[in-house]
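Right, one structure below, let's go through it.
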Amino acid sequence: MDIFLQQLANGLTIGSMFALVALGYTMVYGVMRLINFAHGDMVAASAFVGLTIYTQVMGQATSLPAVIAIFLLSAVCMACIGIILERVAYRPLREAPRLSAVVSALGASLVIQNGIMLIWGPRMRIFPELVPQVYWDFGGVVISLIQVIILVLSLVLMVALYLFVEKTRIGAAIRASSIDQDAARLMGINVNRIIALIFIIGSSLGAVGGLFIGLYYRGITFNMGWQYGLYAFVAAIIGGIGNIPGAMLGGMLLGLFNAFIAGYVSSTWADAFTFILLIVILIVRPTGILGERVAEKV
Amino acid sequence: MSDDILFEIKDLEVSYGSIAAIKGISLQVRKGEIVTILGANGAGKTTTMRTISRLLKAKSGSIRFKGHELTSLPAHKIVKLGISHSPEGRRVFGILTVEENLLLGAFTRSKVDRNTLDWVYELFPRLKERKKQLAGTLSGGEQQMLAIGRALMCNPEMLLLDEPSLGIAPILVKAIFQQIKEISRKGVTVLLVEQNAKAALKLADRGYVLDVGKIALAGTSEELLASPKVQEAYLGKKH
């Protein structure tokens with residue numbers, strides 16, 4: 001029972017990180033029908049940007065306002081890079097065949113990954129201890145303050161995003177653009193601006209995810225974006241790519257699944273089981289758990 | 001033509017790659033008129049409409065509306081100027097509700113005008129009955145009503161209607177055409193593209209006949225209805 005509860009807590013923590021990153025994949029796919037392969041590397045870059053802001057801008061302060069500032073500045077930096085990425089790598093290929101955009105996405109991924117290596121070096125860096133090491137022991141189940149912060153903040157961001165997309169005028173424009181871009185234009189929606197907004201939101205959430213990865217795992221490497229990006233991508237597919245609640249659900253489920261495999265089987269097998277899960281879901285439900293919402297004509 | 005011309009196309013050319021779809025057409029629409037563009041499949045009717053809304057780029061020529069040149073504007077600005085487009089194939093947002101679709105039609109307005117919404121519901125009571133239903137579950141005719149209603153939500157001065165009768169039960173076509181007349185009576189200028197020439201000419205003040213990218217005939221609806229060419233090609237009468 002202890003293992004179960006412990007892995008439940010761990011699973012929810014990594015699951016919320018996966019979910020935050022998965023939202024970036026799914027929102028871009030929703031509007032552009034494009035997998036932004038550079039997203040994982042953006043997440044990795046965010047951890048390094050956060051590290052540099054901590055050492056160079058904040059003078060290694062770990063007070064609450066300083067930590068909040070690190071999060072906000074990193075998110076703003078990554079949002080700007082996200083806009084540039086869309087402008088440079090994707091917008092010129094909007095009308096091009098799908099494969100060109102995919103190749104461009106893979107190229108952007110390599111550029112960002114190698115960019116991180118050029119700036120911060122190829123060796124593992126240690127992410128600062130922004131949150132004090134506080135643990136609570138509930139009869140053998142240990143939960144850290146970091147885990148609580150990651151879980152709560154992720155949930156707050158996801159609920160906020162959900163409400164934004166479902167309840168606001170701009171959210172309706174995002175949904176319209178993901179259903180039919182030309183029809184959205186006829187409504188007077190500036191689709192280019194919606195796409196830029198999607199990149200801003202996706203990159204900022206990814207930035208928070210990258211900082212969480214740094215906080216939680218401590219060691220950050222220039223190429224870690226590949227691994228976390230892949231997990232988040234799988235999470236987005238499991239939930240139903242293009243579907244925002246799907247990415248949240250997929251991320252949480254994948255995190256829990258991973259943690260339980262690590263707890264009950266072996267952590268070395270976690271990756272293999274993750275992809276077995278992906279294959280099974282794709283066979284049983286190719287559109288993911290929540291899938292694309294389709295209105296059937298009656 | 002006098003100075004009450006609201007909308008004017010001059011020497012418009014549009015092509016898909018190297019294939020010319022519109023080969024230099026000119027037409028005018030006066031304020032308050034219903035003008036129809038007739039023509040067979042592939043004549044360039046929908047291409048013309050999509051170029052007006054700037055979903056397509058013109059190769060050359062000009063499209064002017066109230067003194068604004070439209071060919072250099074992005075699509076969303078054209079809606080703001082007062083031209084609203086109910087596209088071919090209806091293109092309603094299927095996984096959104098009827099009401100959400102209508103509210104999106106008012107996207108360019110900072111606030112949704114309740115009066116306009118009430119008017120659309122009055123024109124098409126079916127939409128009010130089904131406002132909480134997903135648009136994709138409506139019948140073809142109801143989706144067409146929704147597409148027209150959605151286009152009216154931004155209070156346009158000119159309404160572009162592309163094939164509102166396409167694939168719809170005849171009884172609903174009649175109802176929809178009656179409501180187009182009603183919309184026109186409220187002061188909205190209408191540019192109507194139709195394959196159903198008879199219904200369109202009964203409704204319209206004037207018409208143009210497009211034939212493979214060129215204007216073959218133009219005139220008042222009476223003139224066109226009486227023209228042997230129109231009768232033979234579009235009304236199925238032999239001479």
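Cβ atoms are placed via backbone N, Cα and C, with glycine included.
Model, not experiment: these values are computed from the prediction.
For reference, TrEMBL has these:
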TRANSMEM  A:12-31  transmembrane segment
TRANSMEM  A:43-61  transmembrane segment
TRANSMEM  A:67-89  transmembrane segment
TRANSMEM  A:101-121  transmembrane segment
TRANSMEM  A:141-165  transmembrane segment
TRANSMEM  A:194-217  transmembrane segment
TRANSMEM  A:229-254  transmembrane segment
TRANSMEM  A:261-284  transmembrane segment
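Most Cβ pairs within less than 8 Å of the transmembrane segment (A:141-165), among stretches A:12-31, A:43-61, A:101-121, A:229-254, belong to A:12-31. Outside the transmembrane segment (A:67-89) by six or more residues, the chain places 36, 38, 42, 45-46, 49-50, 53-54, 57-58, 104-105, 107-108, 112, 130-131, 195-196, 199-200, 202-204, 206-208, 210-211 with a CB less than 8 A from a CB of the stretch.
Among residues of the same chain six or more beyond the transmembrane segment (A:229-254), those with a C-beta under 8 A of the stretch's C-beta atoms are 11-12, 15-27, 29-30, 35, 37, 39-41, 43-44, 158, 161-162, 165, 178, 209, 274-275, 277-278, 281-282, 287-293. Highest Cβ contact count with the transmembrane segment (A:194-217) among the listed stretches A:12-31, A:43-61, A:261-284 falls to A:12-31 (criterion: pairs under 8 Å). Outside the transmembrane segment (A:12-31), and at least 6 residues removed from its termini, the chain residues within Cβ reach (under 8 Å) are 39-40, 42-43, 146-147, 150-151, 154-155, 157-158, 161, 174, 177-178, 181, 191, 194-195, 198-199, 201-203, 205-206, 208-210, 212-213, 216, 228-229, 231-233, 235-236, 239, 241-244, 246-256, 258-259.
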